[in-house]
């Protein structure tokens, strides 16, 4: 699915260099089809890097996806130029009366921060409740999963004794589910989190269907029966070097991090790691776009008023 973005967005050249099909707005305007409108709530500090990662996964399918980037933290960014934010991001007030086919809520480095100490907690609460009536399907990733479980299901924050970092093996629980269609029976996916998602907790406190899990990482992929909500506790969008960057950053900050599991060649952080989860990440997002968004969203978004009931 070619993604449709601003002509000047830095991700255009970055992704084209990776042989990823990107369609600029000027070219897309010549095609007489309705593109899917997908809103990305980017909560990560390095916004350009995160844009590249998610746009890569959203790009590999036959229909147009019209991307809108959203920010809810008005503080000055230390990691992203103000010009970039002003040019390519909207505020919630700009889109609060619009409808979208899909919403992606990214992770955030906030797993050790109490929810009500998160500066933009009221804003994310507002966005998630707004999405009930304005978005066909929402995909939550890592910290966003923890936030959504608290806001939508009242589940308190659960924290691991030791940070989970590395590439872990997962196995399917529902191989015939639409979201896992085409998945291998076992597959690899990266994690980088302090949040804990025990399978028993999800089953006990929600009606969500757990689709895949890991012996080490717990529940990995789960979703609502109506396809309105999908949750991924890992980071299938990560680049090959993202975990390495986080590991070296934490070492430089004196945090004494553990070596990411099943990641560095020969467990040597001086060797360049390879991505072993890329095909899984592409298939997961393609399935979400197809079965959770495209197949159930109305052609005329003005007629959409979905509920979670």
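Just so you know, glycine gets a Cβ as well, placed from its N, Cα and C.
In the three-state DSSP scheme, residue 142 (active site, acyl-thioester intermediate) is classed as coil. Listed in sequence order, 106, 107, 108, 192, 193, 195, 232, 233, 234, 235 are the same-chain residues at least 6 apart in sequence whose CB falls under 8 Å from the CB of residue 142 (active site, acyl-thioester intermediate). As annotated by Swiss-Prot, active site, acyl-thioester intermediate applies to 142.
Look at residue 235 (active site, proton acceptor): DSSP puts it in coil. Annotation source Swiss-Prot lists active site, proton acceptor at 235.
Residue density at residue 237 (active site): 27 other Cβ atoms are found within 10 A of its Cβ, drawing on all protein chains shown. According to Swiss-Prot, the active site annotation covers 237.
According to Swiss-Prot, the feature substrate binding site maps to 163, 192, 249. Within 10 Å of the Cβ of residue 249 (substrate binding site) there are 11 other Cβ atoms, across all protein chains.
If you look up Swiss-Prot, you'll see 192 marked as site 'Important for substrate specificity'. In the three-state DSSP scheme, residue 192 (substrate binding site) falls into the strand class.
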Query raised in the report: Just the number: how many Å between the Cα atoms of residue 237 (active site) and residue 163 (substrate binding site)?
Result: 19
Query raised in the report: Three states by DSSP: which one describes residue 163 (substrate binding site)?
Result: strand
Report summary line: Cβ neighbour count (10 Å, all chains) around residue 192 (substrate binding site) is 20
